[in-house]
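Feature list (source: Swiss-Prot):
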type: COMPBIAS; residues: 35-49; note: compositional bias 'Basic residues'
type: COMPBIAS; residues: 88-101; note: compositional bias 'Polar residues'
type: MOD_RES; residues: S5; note: phosphoserine
type: MOD_RES; residues: S92; note: phosphoserine
type: REGION; residues: 18-26; note: region 'Homomultimerization'
type: REGION; residues: 25-50; note: region 'Disordered'
type: REGION; residues: 86-123; note: region 'Disordered'
type: MOTIF; residues: 34-50; note: motif 'Nuclear localization signal and RNA-binding (RRE)'
type: MOTIF; residues: 73-84; note: motif 'Nuclear export signal and binding to XPO1'
Amino acid sequence: MARRSGNPDEDLLKAVRIIKLLYQSSPCPNPRGSRQARKNRRRRWRARQRQIDSLSERILSDCLGRPAEPVPLQLPPIERLRLDCSESCGTSGTQQPQGTETGVGGPQISVESSAVLGSGTKN
């Protein structure tokens with residue numbers, strides 16, 4: 001896979017064909033034989049599947065030029081997150097004036113959360 005044809009779709013299709021061929025070359029083990037023989041065949045088959053998985057991952061990362069796993073999204077600490085509901089509470093379904101945004105606010109710390117929650121007793 002070191003040579004590139006120049007067409008990324010063609011390269012990807014070629015990689016998928018190679019991976020498909022690898023998986024087809026290792027069918028499920030035969031369910032006949034003694035219990036120990038079946039166990040050994042399954043163990044060897046699982047080891048081959050792990051090798052095929054790692055090869056497939058390497059082929060795809062080479063073809064795509066990036067790792068198969070996405071880079072984890074860096075989020076701010078949960079203490080700094082809050083919903084911005086200062087003016088739009090209770091106005092569900094109405095349009096906001098130009099220039100105002102609602103939804104998830106910036107990383108602001110809500111101070112009035114204990115007053116809103118109260119002590120937990122009903123009136």
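For all residues, glycine too, the Cβ spot is worked out from N, Cα and C.
Helix, strand and coil counts from DSSP across the compositional bias 'Basic residues' (35-49) read 15 helix, 0 strand, 0 coil. DSSP places the residues of the region 'Homomultimerization' (18-26) in helix, strand and coil in these numbers: 7 helix, 0 strand, 2 coil.
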